[in-house]
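The feature signal peptide is assigned by Swiss-Prot to 1-22, with sequence analysis given as support. The repeat 'Kelch 1' feature in Swiss-Prot is assigned to 43-87. Marked as repeat 'Kelch 2' by Swiss-Prot: 89-140. Marked as repeat 'Kelch 3' by Swiss-Prot: 142-176. The annotation repeat 'Kelch 4' is assigned in Swiss-Prot to 177-222. Taken from Swiss-Prot, the feature repeat 'Kelch 5' applies to 225-273. Annotated active site, proton acceptor per Swiss-Prot: 231, in sequence order. According to Swiss-Prot, the feature repeat 'Kelch 6' maps to 295-344. Sequence annotations record features per position, and here Swiss-Prot assigns repeat 'Kelch 7' to 346-375.
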């Protein structure tokens, strides 16, 4: 018996369907939030973050396939690393991990995984910028990385916190000084970086004509790059969106309209949103923010999210003819998972939901220009 629920949402001017009859994917063995992943052929790789030092694979073309654990990642447990696939191999960069003193620190190392023999190799290179909050995607023979926190500033904050020991007053003083700054004073990465595995070289692909971001949704499809929102300083997101295009003269950028606000709500931008393409339509969903933070920032409060609660979201947006609109909602709030475009669907793998609870679920969303389907 086919169990489908269809709702015509007049406020959204879209039909969306929850389908229990389409292909379903197995849950992850463990909840993975703040991790990373990539697609190689028909196989998706997901790991790290709350998954520890583990990576798992799933053959998407096999309806009966289950997740399989691959060789343990040799770089140790870490959150918010960047990953991408080039020439059939998986590359993992950076992240945030504890050192021997117990300090959370940005790391800028790089590793390669070869599926043919299930082995990892540490690469003789280091990223030229901090890679926490960075977003990565591959194009041709390169990995492109956008945004990220400043290594020295971020590491210094955690070093100072550990040095404060049990002195809560000192910790409060450190936090107040850290959050009470303008966005530009955090020195988020404002260059588009690339890494070319064949030459083991990093390249500055040009300065982005917008503020540095952390946790932005970043997607490359063909020669087009799309950047949606992200943090512009700790606790403060932006609703701005941008589009780039690879040309003979480098990446040419233009601004897109801001992401619209859901009905009856403010739009405080999103960090940790998930994105991809379905039937040629760009989709972005989920993410988290602090409702009211943009208002407080405009009122002159640099610690923009002070006193506010973090919120996770479920709206699904699409970009059509240069305009954004909301076409439906997920059955749950989600953020900081891994998303990948596959077979005209966008897979939403893991992530976290309200309160930061790690998810094991694998959802698929698709959109044909009229109807959003959620599996």
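Glycine is no exception: its Cβ is also placed from the backbone N, Cα and C atoms.
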Within the same chain, the residues 6 or more beyond the ends of the repeat 'Kelch 1' (43-87) and with Cβ under 8 Å of it are 23, 25-26, 28-37, 93-97, 107, 109, 111, 113, 115, 118-120, 122, 131-138, 141-145, 197-198, 336, 338, 340, 342-343, 347, 349-350, 358, 362
Long-range Cβ contacts under 8 Å made by the repeat 'Kelch 7' (346-375), restricted to residues 6 or more beyond its ends, are 14-19, 22-35, 37, 44, 46, 49-51, 58, 60, 272, 274-279, 281, 283, 285-286, 312, 316, 318, 320, 327-328, 330-340
Secondary structure split (DSSP) over the repeat 'Kelch 6' (295-344) reads 4 helix, 28 strand, 18 coil
Restricted to the repeat 'Kelch 2' (89-140), the mean pLDDT of the model is 96
Highest Cβ pair tally under 8 Å against the repeat 'Kelch 6' (295-344), stretches 89-140, 142-176, 225-273, lands on 225-273
Per the Cβ under 8 Å criterion, with at least 6 residues separating them from its ends, the repeat 'Kelch 3' (142-176) contacts 82, 84, 86, 91, 93-94, 101-106, 108, 127, 129-136, 186-189, 192-197, 203, 205, 208, 212-216, 218, 220, 225, 227, 230, 303
Residues in the repeat 'Kelch 3' (142-176) per DSSP class, helix first, strand next, coil last, are 22 helix, 5 strand, 8 coil
In DSSP terms, the repeat 'Kelch 5' (225-273) comprises 0 helix, 26 strand, 23 coil
Quick note, the residue listed as 'active site, proton acceptor': same-chain residues at least 6 apart with CB under 8 Å of its CB -> 133, 188, 213, 214, 215, 237, 238, 269, 271
Helix, strand and coil residue totals from DSSP for the repeat 'Kelch 4' (177-222) stand at 7 helix, 19 strand, 20 coil
